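Quick look at what Swiss-Prot annotates:
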COMPBIAS  55-65  compositional bias 'Basic residues'
COMPBIAS  67-76  compositional bias 'Polar residues'
COMPBIAS  84-95  compositional bias 'Basic and acidic residues'
COMPBIAS  96-106  compositional bias 'Low complexity'
REGION    25-41  region 'Cysteine-rich'
REGION    42-52  region 'Core'
REGION    55-106  region 'Disordered'
MOTIF     53-59  motif 'Nuclear localization signal, and RNA-binding (TAR)'
Amino acid sequence: MQPLQNRPDLGEEILSQLYRPLEACYNTCYCKKCCYHCQFCFLKKGLGICYEQSRKRRRTPKKAKANTSSASNNRLIPNRTRHCQPEKAKKETVEKAVATAPGLGR
């Protein structure tokens, strides 16, 4: 066997290994030996880095979304108008009560 320094294709071999895509490894063990046995396992298990696309939440269908929004709008509008007017009346009655109530004398 030739020494590593005298091999002419050593640099090319190292570069080809460096830029080679990582192969999938289906070993689910997290022991030290399994975490360090390949670059993929080291990144995924050892460092906890995973470049896979994360699963996104399922969205509700547009039909269901449209029905709920229209129903919520119908419910909210009457509540707003119903609560706005009595608040003004309450404030007026409180102001009148404070103005007419005799204060505590000294």
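Cβ coordinates are placed from backbone N, Cα and C, and glycine is handled just like the others.
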**Report entry** DSSP-derived helix, strand and coil totals, residue by residue, for the region 'Core' (42-52)
**Finding:** 5 helix, 0 strand, 6 coil
Report summary line: Across the region 'Cysteine-rich' (25-41) the predicted model averages a pLDDT of 80
